[in-house]
Structures are given as C-alpha cells and as structure tokens.
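Features of the protein shown, as given by TrEMBL:
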BINDING   58-63, 191-197, 216-220, 285-288  GTP binding site
BINDING   SER62, THR197  Mg(2+) binding site
Amino acid sequence: EALCLLSYIRPLWEQRRVEDRARAKAENKRSRNIDKSLKAEKREYKQTHRLLLLGAGESGKSTIVKQMRILHVNGFNAEEKKQKIQDIKNNIKEAIETIVTAMSVLVPPVQLACPANKFRIDYIFNLANQKDFEFTPEFYEHTKTLWQDEGVRACFERSNEYQLIDCAQYFLDRIDTVKQSDYTPTDQDLLRCRVLTSGIFETRFQVDKVNFHMFDVGGQRDERRKWIQCFNDVTAIIFVVASSSYNMVLREDNQTNRLQEALNLFKNIWNNRWLRTISVILFLNKQDLLAEKVLAGKSKIEDYFPEFARYTTPDDATPEQGEDPRVTRAKYFIRDEFLVSLVLLWHQNHHSNPSPCVLNYGIFFKYIFKNTLPFNSARMH
C-alpha cells in the first residue's frame, strides 16, 4: 500500500514542480517585459521636450496649441469642428453686445450713424438677459445691420478703451457664412475662436521623430496659481506676449496696461529660483494686429511707452519682405523692452556683462512653426 501511495504522490509532485518552474519562468518573463517597458518609457521621457506656455491672459497661448494640432496632430475631426460652432456663434454675440454697450459708456460717447437702428440695439440688449438664447435669422440680421452702421464701427475703432475679444471683427465680417445651416468651421475659424482657458491642457505631437508635450494654462491672474503645478521637468518655457496689447488694459484690472503686465510677469518668471535652469523663449505674438494699429496711426505707442519716441530701429534688424519701417520699429522696440529689462536684472544680480547662451530649441521651433521662428531669448550664465 505504501508503494502504491508513493507511486501516486510522485507524479503529482513532479507535475507541481513543472508547474512551479513554468510559473516562475512566466513571472520572470513578465518582470523582464515590465523592466523593458519602463526603460523604454524612461528613454522616451528623457527624449521628450516638455514645453510650458506662459503669459498674461488673451496673449494667444491657446491659439498656438491649436496651431500645433492643425500642423502636427491631423487637426480637428468633424465632430470637434461641429462642437466649436456654438463657441463661434457665442463670439459673435459677445462681440456685438460688447460694442453696442460701450457706445454709451465711452467718453465722449458714440452715436449711431442711423438712429433707426436703435431698436436693433434694444434687441441685442434683451439677449444679454436670456440664458437659453437661440441664434435665429433675426439675430443675424440685426447684428449684421448694426455692424454696418458707421457709428458702431467708430465704437469698434476705440476698442482699446474697453474689453473686446480679438476675434470680434473677424467673425462679425463672417456672419453670412456662420449663419448657414451647413456651416463647418475652417482651420482659420478654429484658430480665431476665443474660449477662456481655465485649468491645464496638454497637447502631444511629434516633429521629425522628436516628441513634444505642450502645456497650456490660463493666463488671467486668478489662474496663475496653477502654474507651479507644471514646472517639474519642463524643458523650456514659451512666454507668449500679445504685441498688439500696448494700448490695452487687463480684463481683470482696468488700471494696468497689458504689455506692462507682460513685462512684469516675464521678469518674475526669469527671477523665479525654481526656473533658473530652464530655457525661456520670448514669443512675440499678434504682430499682424500690431501692424494694423501702427499703420492706422490712431493709437501711438509713445502715448503708452514714452521711451518709444527716442527709439531707433537696430542696424541688424531683419524686417519681413515688404514690411513698413514703422512696423519694424514697433516690433523691435517691444522685443528690446523685454531684453533690456533682463540685462538690468542681470547687472543687479551679477555686476558683470551677460553672455547669452545658445538656444538649441530654435531649430525645433523652426520646424514646429513652419519656418516662422519667433523672437527668442535664452538663459544667461
């Protein structure tokens, strides 16, 4: 009986040994695969450039992210474009409401060129109190007629005296297109559409086999407390400035000049002890709007920054082909306002001449922006 029992147990024991060896082998293989995967992720993480977009509110950070999606992530699909239609219509509604409201508030106030349009303004004012407003043909008709009124246009020309979204003219000019039932936003429409950024948004893309992660955070003052969450392992900071904001005040503080706020914010970031090893790229945005303001001549830079009256365009300036010299001078003045402030900060801290280091990320941005390379500055050692 003992022999029979032993002959029965031995095969079970051998089978268990085989199963244990197989299980151990499988676990070792799984462990090696995990280690291999972790090493690959670590290698990819080290090779990934993490770009943090910073800047004051409405400087165009989110537009840059959308450009990256269009250029490098196959753009926006049909469903995403459909979802943006409501935002675009809201931009039109906000634009016309803001302009006609400002007409009576400005000093001196602005009058309608055609008094018969007064009932159309009353119609627009009634919209402001409606939560579930639907965009009817009547709305588009009243808005289009008001936008064609020379008094409304005159109020729009003074938009630096109140808070108006940058895309106001663009979408008000496109009312006939947007109101169509089969309207599909173009890439340009998506870039122009304005939606307040709240929180932190990440966009991943690849350029010539180089991985980029771009982080967009809100720029309004109450959003800046979230910036600290994004500083860890950042490769470079892209500080975005609205060049055209020299004659505008903050939406959240109507006493502070927007460009001056950007200058102060840039200095604070440069001096932040947690960011001293991170490259900083100065991106002067909205230069098309800057050119329009400069050439219109109605709002002079020297009225807001008196030192512009004494400024001369640098000898090494490289204007765009066909660019008006007045625009070139304005662009370089704004750039130099930022760079000069950095030199002053350097002398305060080091008492020696700064020597700019080479910014290796320039080549990447040349690819990213399709050969549209922004003004940039690098950390100074």
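Cβ atoms are placed via backbone N, Cα and C, with glycine included.
Of the recorded residues, LEU191 (GTP binding site) and SER62 (Mg(2+) binding site) place their C-alpha atoms 9 Å from one another. THR197 (GTP binding site) is surrounded by 19 other CB atoms, counting those within 10 A of its CB over all protein chains shown. Counting every protein chain shown, the Cβ of GLU58 (GTP binding site) has 22 other Cβ atoms within 10 Å.
A simple way to gauge crowding: the CB of ARG194 (GTP binding site) has 21 other CB atoms within 10 angstroms, across all the protein chains here. A gap of 9 Å separates the Cα atoms of ARG194 (GTP binding site) and SER62 (Mg(2+) binding site). The binding-site residues examined here are SER62, LEU191; by Cβ neighbour count within 10 Å, the least packed of them is LEU191.
For GLY218 (GTP binding site), the Cβ neighbour count at a 10 Å cut-off comes to 20, with all displayed protein chains included.
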